[in-house]
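Per TrEMBL, these features apply:
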type	residues	note
ACT_SITE	Cys78	active site, nucleophile
ACT_SITE	His174	active site, charge relay system
ACT_SITE	Glu176	active site, charge relay system
BINDING	Gly46, Glu47, Ser48, Arg108, Ile137, Arg138	L-glutamine binding site
Amino acid sequence: MTIGILALQGDFREHEEMLQRIGAPTLQVRLPKQLEQIDRLIIPGGESTTIGKLLVLYGLLEPIRERGKAGMPIWGTCAGAILLARHIAEGRPEGQPALALMDITARRNAFGRQLDSFEVNMAIDLLGDEPINTVFIRAPILENPGAGVTTLATLNDGRIVAAQQSHLLATCFHPELTGDERFHRYFLEL
Ligand code: GLN
């Protein structure tokens with residue numbers, strides 16, 4: 001099983017290092033034909049409008065969307081989660097490209113300037129008893145999950161920061177930055 005990591009912009013190397021530590025074969029994806037070699041895809045954090053434009057430029061937007069519709073597991077972290085979301089609450093320029101596969105709304109930069117970045121320990125049921133240290137960097141939050149969407153993690157105030165819709169996974173934080181392998185292992189088992 002090869003895990004593709006979209007490598008157009010953002011922190012794809014950190015995802016790759018994490019997967020290599022776990023022993024999972026990885027492939028940096030920049031070309032449509034590389035999609036034939038992968039069984040799963042991670043879309044990293046970065047800048048979602050930039051990644052969206054590059055997806056079009058590299059001819060990857062439609063092929064990835066088709067693979068996602070056909071059931072390939074895709075995990076988006078932060079900017080990747082924004083690209084997976086079907087709706088954007090605000091801040092996506094008209095016509096901005098996105099995969100729009102998941103029945104959920106992403107609200108970009110939801111923590112404002114002052115709290116642009118922070119870390120918090122969070123209990124997430126699917127990862128077991130031990131809380132996970134989560135890193136938020138100019139992160140979005142997720143809203144209005146559709147009927148097929150399961151909320152995986154919320155902040156203390158109830159705001160959704162991780163969700164899953166069958167084979168699609170979205171996290172507003174960055175498990176690839178903390179050295180905690182549990183979320184990556186969970187994705188490998190989807
Ligand atoms: N704020 C970025 C965006 O809107 C996401 C930040 C991140 O991926 N860490 O795309």
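For all residues, glycine too, the Cβ spot is worked out from N, Cα and C.
Curation does not apply to TrEMBL; its annotations are automatic.
What you are looking at is a predicted structure, and each value in this text was computed from that prediction instead of being measured.
In this structure the C-alpha atoms belonging to His174 (active site, charge relay system) and Cys78 (active site, nucleophile) are separated by 7 Å. Within 8 Å of the centroid of the Cβ atoms of Gly46, Glu47, Ser48, Arg108, Ile137, Arg138, where the record puts L-glutamine, the same chain has further Cβ atoms from Gly10, Gly45, Cys78, Ala79, Ile82, Asn109, Ala139, Pro140. When the alpha carbons of Ile137 (L-glutamine binding site) and Glu176 (active site, charge relay system) are compared, the span between them is 12 angstrom. Within 10 Å of its Cβ, the residue among the recorded positions Gly46, Glu47, Ser48, Cys78, Arg108 with the fewest other Cβ atoms is Glu47. Counting other Cβ atoms within 10 Å of each Cβ, the lowest count among the recorded positions Arg138, His174 belongs to Arg138. DSSP assigns Ile137 (L-glutamine binding site) to a strand. Here L-glutamine is bound by Gly46, Glu47, Ser48, Arg108, Ile137, Arg138 per the record. The longest Cα to Cα distance in that group is 13 Å. A gap of 9 Å separates the Cα atoms of Arg108 (L-glutamine binding site) and Cys78 (active site, nucleophile).
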